[in-house]
Ligand code: TXA
Ligand code: MG
């Protein structure tokens with residue numbers, strides 16, 4: 001069921017009253033609060049179980065509002081905003097006075113984006129201000145791509161859930177540090193590196209997953225309950241069967257060119273050929289494996305170009321060391 005006009009009005013009034021609203025974006029569902037209400041922002045951290053030092057993204061209704069939230073907008077940032085907004089690109093820029101430090105985890109920079117989803121844009125228009133929102137999941141877990149995922153995970157922690165159907169991109173926005181002369185990618189996501197480079201006219205650096213460069217980017221993140229093991233594509237079947245034989249309940253991400261191969265495992269999905277379809281389905285597949293009782297997921301990394309870069313980043317971090 002998609003949100004109605006009266007749902008949007010209700011959600012905007014919940015935000016105005018200091019409440020929390022979960023809403024769809026093109027990437028994943030967000031858990032939103034009035035960006036200018038420090039008490040409401042504090043509740044986001046509480047409901048997510050997220051450390052308050054981890055900065056949030058401020059969602060705004062259009063690029064024309066950028067100067068309301070950012071101190072000085074460099075020309076490069078304006079170029080990227082004009083090109084990719086609304087869309088899955090987040091720009092890190094110098095914090096404007098309107099943004100409370102609670103929303104930025106104490107940083108003097110702020111992350112801003114305009115989501116490309118009709119329900120999100122209607123909500124932002126009806127509310128009028130900025131909506132600060134992380135992904136609407138418990139800290140460290142898989143991001144939600146349907147309203148049901150949000151309800152199952154956050155329940156009464158959210159005051160209102162806007163349903164906009166399944167998210168079309170399926171992985172989070174690309175985060176670009178645009179504070180300096182030369183922008184850099186802090187998190188690969190829905191806008192590809194190649195698309196950014198085409199607009200900028202030069203190559204961009206991408207972080208290695210082995211180093212934590214951004215607050216809030218722990219090695220283990222986007223993680224299902226089941227442990228995730230990454231192997232070479234041609235070893236997926238053998239590794240899955242070996243682990244199943246050892247007594248694990250194994251979920252298998254079967255590379256698309258192996259579709260149809262019989263695998264002795266608890267649950268098997270053949271991955272789609274297209275990276276866009278893979279990205280769209282990724283988090284739902286991880287959740288499904290958890291629900292089916294898998295305790296181990298065997299997967300391989302896709303080729304790291306286009307959306308494959310974001311998919312590989314999420315898989316690596318889902319497979320990362322877990323806090324004990
Ligand atoms: O697609 C998305 O970006 C989704 C939807 C809801 O918009 N949001 C999302 O939010 O993924 P969250 O909180 O799960 O991830 C935001 C990331 C965090 O890793 C945080 O460290 C980074 O943005 N971030 C936020 N502000 C920052 C800043 N000032 N400097 C560097 N990184 C920042
Ligand atoms: Mg998140």
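Glycine is no exception: its Cβ is also placed from the backbone N, Cα and C atoms.
Any TrEMBL annotation is an automated prediction that lacks curation.
Per TrEMBL, the feature domain 'YrdC-like' maps to 5-191. Mean per-residue pLDDT, taken over the domain 'YrdC-like' (5-191), amounts to 97.
Residues annotated as L-threonine binding site in TrEMBL: 27, 113, 133, 173. Counting only residues at least six positions away in the same chain, the Cβ atoms of 27, 57, 88, 89, 90, 113, 187, 189, 190, 191 sit under 8 Å from the Cβ of residue 173 (L-threonine binding site).
Cβ-based neighbour count (10 Å, all protein chains) for residue 109 (ATP binding site) stands at 19. Secondary structure at residue 109 (ATP binding site), as computed by DSSP, is strand. If you look up TrEMBL, you'll see 50, 59, 109, 135, 143, 187, 222 marked as ATP binding site.
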### Query
Cβ under 6 Å from ligand 2: which of the binding-site residues 50, 133, 173 qualify?
none
### Summary
For residue 222 (ATP binding site) and residue 133 (L-threonine binding site), the CA-to-CA distance in whole Å is 16
### Message
Counting Cβ atoms within 10 Å of each candidate's own Cβ, which of the binding-site residues 27, 135, 143 comes out highest?
### Response
27
### Task
Taking the residues 27, 113, 133, 173, which the record names as binding L-threonine, find the longest CA to CA distance and state it in Å to the nearest whole number.
12
### Query
Near ligand 1, which of the binding-site residues 27, 50, 133, 135, 222 have CB less than 6 Å from any of its atoms?
27, 133, 135
### Query
10 Å Cβ neighbour count around residue 113 (L-threonine binding site)?
24
